[in-house]
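See structure below.
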Amino acid sequence: MGNKLTNISTNLKSSWLTAKSGLNRTGQSLAKAGQSLKTGAKKIILYIPKDYQYDTDKGNGLQDLVKAAEELGIEVQKEESNDIAKAQTSLGTIHNVLGLTERGIVLSAPQLDKLLQKTKVGQAIGSTENITKGFSNAKTVLSGIQSILGSVLAGMDLDEALQNNSNELTLAKAGLELTNSLIENIANSVKTLDAFGDQINQLGSKLQNVKGLSSLGEKLKGLSGFDKTSLGLDIVSGLLSGATAALVLADKNASTSRKVGAGFELANQVVGNITKAVSSYILAQRVAAGLSSTGPVAALIASTVSLAISPLSFAGIADKFNHAKSLESYAERFKKLGYDGDNLLAEYQRGTGTIDASVTAINTALAAIAGGVSAAAAGSVVASPIALLVSGITGVISTILQYSKQAMFEHVANKIHNKIVEWEKNNPGKNYFENGYDARYLANLQDNMKFLLNLNKELQAERVIAITQQQWDNNIGDLAGISRLGEKVLSGKAYVDAFEEGQHLKADKLVQLDSAKGIIDVSNTGEAKTQHILFRTPLLTPGTEKRERVQTGKYEYITKLHINRVDSWKITDGAASSTFDLTNVVQRIGIELDNAGNVTKTKETKIIAKLGEGDDNVFVGSGTTEIDGGEGYDRVHYSRGNYGALTIDATKETEQGSYTVNRFVESGKALHEVTSTHTALVGNREEKIEYRHSNNQHHAGYYTKDTLKAVEEIIGTSHNDIFKGSKFNDAFNGGDGVDTIDGNDGNDRLFGGKGDDIIDGGNGDDFIDGGKGNDLLHGGKGDDIFVHRQGDGNDSITESEGNDKLSFSDSNLKDLTFEKVNHHLVITNTKQEKVTIQNWFREAEFAKTIQNYVATRDDKIEEIIGQNGERITSKQVDELIEKGNGKIAQSELTKVVDNYQLLKYSRDASNSLDKLISSASAFTSSNDSRNVLASPTSMLDPSLSSIQFARAA
């Protein structure tokens with residue numbers, strides 16, 4: 001017997017070395033454990049409280065335990081109860097035979113002694129014969145416990161687990177619970193101390209060198225010496241064998257339907273075999289006890305088992321495999337473009353799906369077995385130990401599986417991590433996730449190449465510069481979070497392409513786009529005389545990103561985004577006549593948002609544009625813009641976007657073409673750059689990654705100011721704009737809305753656009769076109785020209801001084817109706833739209849009614865001209881109105897038109913007038929079909945929701 005125990009002891013010590021290697025490392029103690037327990041190796045300690053008094057009448061089991069522990073190398077320690085209690089309480093492992101403390105694994109002598117003092121065991125100990133065997137039995141019991149622990153905790157670094165309170169610590173606790181449950185159930189089932197020690201030792205021997213649950217079941221099969229009627233370890237063995245069988249779901253080539261089927265097959269097989277064994281045993285016990293064993297009892301067992309199997313558990317797993325399949329399909333294209341990240345995601349989904357399927361199948365089986373055994377044992381006193389055993393063991397196994405699942409998930413994630421790191425090692429200087437954005441961009445470029453090649457024709461530009469911002473990609477974000485590499489990922493990347501004569505050019509030699517420094521340089525125009533700079537997607541603000549991954553909880557991490565911002569984009573143009581649409585350049589940054597996502601605090605990125613030579617057009621965006629038009633005829637448009645009404649006051653400007661434009665953007669939605677959080681899950685681990693992107697966010701309104709220099713024309717917004725001109729020659733277009741335009745001094749060109757506008761030419765020879773709507777027009781001093789078209793509405797003109805003209809540019813003079821209404825001359829076109837020239841007859845009537853009245857004003861327009869250059873003078877109007885008793889007869893008007901001498905004279909004047917009208921051809925509003933600057937009409941694939949185009953002028 002001594003040799004046998006020596007061999008067992010040697011084997012047990014060997015099996016414990018794996019766990020002990022981790023236990024022997026020192027480290028920082030848990031704060032909760034107290035300074036008194038700060039040092040000491042991690043080991044097994046037989047703990048005996050100083051004040052513990054064992055019952056000598058029931059044997060000397062405690063003394064035998066102490067002797068056996070000393071021989072087996074187990075430290076025996078008597079401690080103050082308060083110190084151990086602190087450590088046990090801090091880790092939540094009290095009231096069991098085994099406990100986990102900061103100092104190591106505690107084997108509680110009082111708890112073990114209680115087991116040895118159970119009635120049926122204690123009676124055996126009380127005999128003289130059994131007392132002489134006490135030492136051997138105690139040694140056998142302790143060595144068996146050592147062996148079990150050596151397997152349950154194999155490979156665990158308890159020192160690190162205790163310090164970090166990691167997932168492994170929880171798993172270690174669950175392992176101890178399993179060991180406690182086995183010991184308790186064996187103690188409750190055997191009849192003698194010999195049997196208790198023998199069975200503990202057998203179980204420990206069987207578990208030597210077992211690594212994990214996958215082979216635990218096989219080791220338990222055929223375990224001899226266990227009374228089926230008392231312990232039922234064949235049932236436990238079957239349960240663990242079922243856990244092993246479930247791993248067949250790991251076949252990577254199996255289809256989703258096959259995996260789901262395998263899960264059901266496993267559950268049914270385990271349920272069938274185990275429940276059959278349990279049920280037959282329980283029913284036999286019921287018969288022996290004189291209890292019912294009829295059909296209804298068997299039906300109760302079957303129904304309880306069937307309720308425990310839920311197809312919904314497997315449906316969720318099937319979705320995971322379907323996701324992996326769709327990712328693999330999606331990944332094919334990008335793999336050809338040099339990026340395999342989507343395949344890595346699919347690999348992760350399949351790997352974790354397999355784990356989920358395995359654990360779900362096992363837990364389903366365990367739940368079914370526990371339910372079946374409980375139903376079968378109902379009312380059977382004899383069967384209760386079996387029901388308790390199965391219920392306890394299945395619960396502990398489920399706990400171990402759930403906590404093991406996290407480690408398995410991390411194993412799959414680590415493989416993904418290593419592949420990304422290896423790729424970057426083999427591609428020095430490259431970023432794996434940036435490579436993903438490159439592939440996304442190339443695919444987008446391929447999809448839209450036909451459209452892009454047609455842009456030269458559509459935008460009427462010899463060269464088109466297309467700038468594309470690839471924004472945050474959820475798949476790339478998932479991959480970064482899963483692989484714990486969120487610090488390497490970017491919020492996106494900007495790209496530039498050039499197109500000439502329907503050909504795609506390499507833009508890196510033609511255009512400088514530096515998102516880090518905020519530079520856009522398109523000055524290298526070569527031979528191209530016209531170019532259009534198109535921002536296909538919203539361009540994020542300039543600057544560089546840095547990320548920092550920090551732990552916020554046991555399984556929670558966040559990768560914080562830090563942005564080194566540049567306060568402006570600097571745009572440089574060259575000699576070509578260029579068009580810039582800046583409405584897709586993000587200038588507003590949402591610094592703070594409320595719970596509803598509304599922007600409450602903002603920051604702005606300025607745009608500074610130097611246009612150089614050429615006749616340029618700039619469509620201003622949502623923020624402060626500084627424009628130096630340089631040479632050429634340059635126009636600044638506010639007609640795209642919805643960025644508030646203009647207030648322009650150039651009355652104090654000392655340089656022609658200089659303007660300060662104030663805007664107030666009323667509350668509503670506008671393009672903002674905001675920071676959001678992407679969440680990726682790896683089992684219990686939650687990875688949050690901050691990133692920035694553009695979005696139309698609701699805001700409370702804001703002011704912005706633009707500075708314009710060397711600008712020849714300004715086109716207003718759809719709001720109610722105010723224009724106050726300079727002492728120089730100004731060109732204003734009100735756009736939509738009810739606009740107020742004052743040309744001030746200079747020879748101004750003023751266009752109202754849509755809406756009921758008020759336009760005053762001021763001093764100088766002004767060109768005034770009210771546009772659509774019922775406008776109030778005033779020429780002021782100077783030789784002014786007014787224009788009215790069919791569909792423009794009812795206009796009212798007040799004129800004073802100068803040689804003025806009114807052109808009905810699309811009406812024949814003879815089709816108009818002239819009549820006197822009160823003091824005014826009213827001219828009506830064929831659409832019954834009226835142009836009223838205020839106070840035309842007032843001075844003449846005053847002269848008739850007031851003696852010696854001297855006229856002080858000239859409120860008449862000296863010439864009224866039709867579309868073919870035919871005209872009637874103010875003198876002719878007065879004569880024919882008087883002749884027609886307040887209205888010019890059509891016959892008289894026809895005579896005027898047919899007067900060849902007048903027509904000949906009018907041709908020369910008409911040519912001059914046509915030049916004036918054509919010079920205003922750039923005046924346009926967002927809904928005016930006349931002279932609209934070209935913008936793309938085609939659209940990208942609707943699925944690419946982030947892609948936007950230049951809005952219609």
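Quick reminder: no glycine exception, Cβ is built from N, Cα and C everywhere.
These features come from Swiss-Prot:
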{"type": "TRANSMEM", "residues": "230-250", "note": "transmembrane segment"}
{"type": "TRANSMEM", "residues": "297-317", "note": "transmembrane segment"}
{"type": "TRANSMEM", "residues": "359-379", "note": "transmembrane segment"}
{"type": "TRANSMEM", "residues": "381-401", "note": "transmembrane segment"}
{"type": "REPEAT", "residues": "715-732", "note": "repeat 'Hemolysin-type calcium-binding 1'"}
{"type": "REPEAT", "residues": "733-750", "note": "repeat 'Hemolysin-type calcium-binding 2'"}
{"type": "REPEAT", "residues": "751-768", "note": "repeat 'Hemolysin-type calcium-binding 3'"}
{"type": "REPEAT", "residues": "769-786", "note": "repeat 'Hemolysin-type calcium-binding 4'"}
{"type": "REPEAT", "residues": "789-806", "note": "repeat 'Hemolysin-type calcium-binding 5'"}
As a test of reading the model: what is the averaged pLDDT for the repeat 'Hemolysin-type calcium-binding 4' (769-786)?
95
Intrachain neighbours beyond the repeat 'Hemolysin-type calcium-binding 5' (789-806), with Cβ under 8 angstroms and 6 or more residues off its ends:
756, 765, 770-783, 827, 829-831, 833-839, 857-865, 913
Under DSSP, the repeat 'Hemolysin-type calcium-binding 3' (751-768) has how many residues in helix, strand and coil?
0 helix, 6 strand, 12 coil
In the repeat 'Hemolysin-type calcium-binding 4' (769-786), how many residues does DSSP put in helix, strand and coil?
0 helix, 6 strand, 12 coil
